[in-house]
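*Asks:* Structure provided below as structure tokens; questions to follow.
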Amino acid sequence: MHNAWKRLNNDFQLSIITMVGICSVGGITPYAVYRLFESNWLVSLIDAFLVLNTVIAVLYAWRTGDTRRPGQYLALVYSIGTIVIVTKLGINGLFWVYVLILFNFFVVPPLQSVIATLSMLTVLCLYGLLNPGTLFADDFQMTSFMVTSLLASLFAFVFAYRGREQRQKLSELATIDPLTGVGNRRTMDTELEIAFNEHTRYQVGFGLLILDLDHFKLVNDRYGHRAGDEVLVDFVDIVRSACRQSDRLFRLGGEEFVLLVPQIDERGMVRLANNILADIRRLLSGPGGPVTVSIGGALLADHSGIETWLHEADERLYQAKKNGRDQAIIRSEGSNSSGLVSNSASDVAIQG
Ligand SMILES: Nc1nc2c(ncn2[C@@H]2O[C@H](COP(=O)(O)OP(=O)(O)OP(=O)(O)O)[C@@H](O)[C@H]2O)c(=O)[nH]1
């Protein structure tokens, strides 16, 4: 129960599909029963069909975590269902069109919703024109219906579009570091948890590098915060081009970053750390000259939890700093495997 609540809180679209699903089932079921007693079999059957499909789509969304396809499916099924019901009930069925317009904007993206709504209105308009007197009493009524439906769609579109934009911005603010564009600490925590679960379930090997710029304070103190910011942005560009697309870079805070690397062993970690060190030495430069980085790394396979995994990489980073900076340590010096990975000619990173 706690888990379900957490999913509802974290996944906006899942909560919308669930809410719309519950409202639809609760709202349509009494009508299905009423039409059954009225012996209006077709409409009752369509109502029951809508309810059943809603339940299936909501269950599918919960099972798979995919809310896009169930949303599109529901928009399609409800649009067709509404057309059939309207042609059977006449003017009484037309009121449902307004509900459907809102429904579509809830379950699919704004543009798809506009397409679904316009298609439905076109079909109803053509039906009304080809069968005068059945759906609309006269042309004026039809025009009024179309104008009000289009206005309702326009308002819903603007509202849905703006809402989606705001949600995207909020989500970016909550997950991305605004200066460098990499994931922030919060995103890192989530990704580390996913990595840990994948490792436990499917034995996927993960490695983690903590990268910390050397003597970065000097850049800020001597050349200002803006110059420091530029170095951070350049640093991220260089690290990104040194690793694979599947590798994930996060900013832990200040001049400290974490690189999460899937499908990697110790040898791969050493090679990657060496490449990054070399690229940074070659390409990263502040106003006062080259800037270097120190790296600590650890493999998830050697750890029973995320905390110890991070802690060990951090310890090795500390060791790399202590040993003179501009180097990487992937394994403890006391362990069986190779200790120091790389060392530069100079331990002075900033030449002012
Ligand atoms: N320009 C800029 N500086 C930052 C930002 N965040 C943190 N800093 C600075 O980063 C510097 C970090 O300094 P320290 O933690 O002493 O580390 P360091 O000078 O790199 O020294 P070592 O890590 O020991 O090599 C501080 O001067 C912070 O003000 C940022 O977003 N932009």
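Here, residue 1 is simply the first one shown, and the rest follow in order.
Cβ coordinates come from backbone N, Cα and C, glycine included.
These figures come from a predicted structure and were not determined experimentally.
Grabbed the feature section from TrEMBL, which reads as follows:
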- 12-34: transmembrane segment (TRANSMEM)
- 41-62: transmembrane segment (TRANSMEM)
- 74-101: transmembrane segment (TRANSMEM)
- 113-130: transmembrane segment (TRANSMEM)
- 142-161: transmembrane segment (TRANSMEM)
- 204-333: domain 'GGDEF' (DOMAIN)
*Asks:* Where else in the chain does the transmembrane segment (142-161) make close Cβ contacts, counting only residues six or more beyond its ends and a cut-off under 8 Å?
*Replies:* 94, 97-98, 101-102, 105-106, 109-110, 113-114, 117-118, 121, 125, 128-129, 135-136
*Asks:* May I ask for the residues of the chain that lie six or more residues beyond the transmembrane segment (41-62) and have a Cβ under 8 Å from a Cβ within it?
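*Replies:* Long-range Cβ neighbours of the transmembrane segment (41-62): 7, 14, 17-18, 21, 24-25, 28-29, 31-33, 35, 69-71, 73-74, 77-78, 81, 84-85, 88-89.
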*Asks:* What is the number of residues in the domain 'GGDEF' (204-333) that are helix, strand and coil, as DSSP sees it?
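*Replies:* In the domain 'GGDEF' (204-333), the DSSP-based counts are 64 helix, 35 strand, 31 coil.
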